[in-house]
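**Student:** The structure is given below, and queries will be raised subsequently.
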Amino acid sequence: MTQVLDLVGIFVFALSGALVGVRRRLDVVGMAVLASMTALGGGILRDLILDARPVAFTSVGYVVVPLAATVIVFFWHPHVLRVMPVVNVFDAAGLGLFCAVGTEKAMNAGFSPLHAVLLGVITAVGGGVLRDVLSGQVPILLYDRQFYAVPALLGSALMAALHVADLRGWPATLAAAVLTFGLRIAAVRFRLQAPLARGVAAQE
Amino acid sequence: MTQVLDLVGIFVFALSGALVGVRRRLDVVGMAVLASMTALGGGILRDLILDARPVAFTSVGYVVVPLAATVIVFFWHPHVLRVMPVVNVFDAAGLGLFCAVGTEKAMNAGFSPLHAVLLGVITAVGGGVLRDVLSGQVPILLYDRQFYAVPALLGSALMAALHVADLRGWPATLAAAVLTFGLRIAAVRFRLQAPLARGVAAQE
Amino acid sequence: MTQVLDLVGIFVFALSGALVGVRRRLDVVGMAVLASMTALGGGILRDLILDARPVAFTSVGYVVVPLAATVIVFFWHPHVLRVMPVVNVFDAAGLGLFCAVGTEKAMNAGFSPLHAVLLGVITAVGGGVLRDVLSGQVPILLYDRQFYAVPALLGSALMAALHVADLRGWPATLAAAVLTFGLRIAAVRFRLQAPLARGVAAQE
């Protein structure tokens, strides 16, 4: 169950990467690179920091799913764009799952709750940051004022708290993922905005 | 023999990095950083993923050769530009060698053939991607439609297949490197182009 | 003592990251990301290469101090800008300390002096490079012709030489840090400039 959700998250993140590739008029190689980095980059960073072999290099699905997303976007990107609202809902679900899994792995590796939360957030948002850096843009995460990292932070914090309270396994993962998902959807729905530094005017 | 070829590959990759530094009017520090990252970045990424000490931090030649390339480009860059067609031939040879060595190391570390091929490609193209990101450009690999990653992919696949068939050692490395080299040269010669997503017009 | 200086260095590097965030009109999330990456990025790269758990993921101070710097810049960035000359002096001190500590850790891990020096420089300048890449700029280090990496290089070389001569502990760290600090301050004071490649005109 978690594994299926995991691959769905990978798939949706890869779609977003491949679509950036289309928008920037990259060729098929660039699309595949962006799709893979968006989907796998966060987990690779996490596993390098945990000093573990990156999951992306042990699982067949992690290699094949981003390539499948690339093929779909290559041929049918106008249709994918049309269903983006649905894709964004799945993206929020992937965000929740990835931060919960990242936090859990870090706790199991003996990280303190504080650092496990940090690593959970990196797992969830790292791929998107790498996607933007590779496509020559300032990472959207840094300026768009949407709450994306903050839901992941709170979901990771819940995961760490449950782990400390000895509540583990899939119910904990589910709770953390659902909290992240709900906060993210609420932030989009109610157009919540992260503040700029005092006295800085919003960009037009 | 492989070691000499390896240092030649490092040298040629470093030349390309230092030349980008000249074109972007970087100072000598920037030239040295770009030369080193282009030459060593792919191997460092490979070794971090393999959880090995990066070769760049164990070999004297790996530090000295990029600095030598920087000095040469610093004083004689117009001459280096004039012999770029020759440099590009060596670059194709370095591409072949690096993907073969990267794939072999990954197979020896117990990676599956699929993941070993992936790591071989990262070894071969990672340095150039880091060079472009550091010099503030979208990586050429992602948009220029030249076949650069694809020859490395096919060479890595040959290497992995030979390894599975228990054909190892320098003849296998040579075969994979020569295949990559030949495909790369043929792609340049016949101006083969990677496709853009369906319906996307080429940039002028 | 070293630990206090270390956190002061982290704090000052984080201030510079958060200030770039203000200048680029990033939101508070972007400011916190840039502050943390500037302060911790060099050490994380060092520890990944050393195959050690990154210190940033074991110390509470390393997480809290960059966030404190973010809060200060968020509310009082005009005042921070006014005291930048003081901040720059502390930045030079942080540069000295980080390269000395990085070189020492590498020597203790069995790296050769040459490679330990290289890793010392990466520790000292890596965070600033990541800050600039994440904020969509060519790293200042590569083009601004100020001597920033070179003092770190010479300080790291002194640290490695003292280590080889069996002079270790805090006096060695202090000597290397003071040398780096002095060279950096002198370079700023006397407006020393790194050269461009022969025949390349300076940018206006």
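A Cβ is built for glycine as well, from the same backbone N, Cα and C atoms used for every other residue.
Straight from TrEMBL, here's the annotation block:
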type	residues	note
DOMAIN	B:4-77	domain 'Glycine transporter'
DOMAIN	B:89-163	domain 'Glycine transporter'
TRANSMEM	B:6-22	transmembrane segment
TRANSMEM	B:29-49	transmembrane segment
TRANSMEM	B:55-76	transmembrane segment
TRANSMEM	B:83-103	transmembrane segment
TRANSMEM	B:115-134	transmembrane segment
TRANSMEM	B:146-164	transmembrane segment
TRANSMEM	B:170-188	transmembrane segment
**Student:** Looking only at the domain 'Glycine transporter' (B:89-163), report the model's average pLDDT.
**Tutor:** 95
**Student:** Looking only at the domain 'Glycine transporter' (B:89-163), how are its residues distributed among DSSP helix, strand and coil?
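**Tutor:** Secondary-structure breakdown of the domain 'Glycine transporter' (B:89-163): 61 helix, 0 strand, 14 coil.
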**Student:** Per DSSP, what is the residue count of the domain 'Glycine transporter' (B:4-77) in each of helix, strand and coil?
**Tutor:** 64 helix, 1 strand, 9 coil
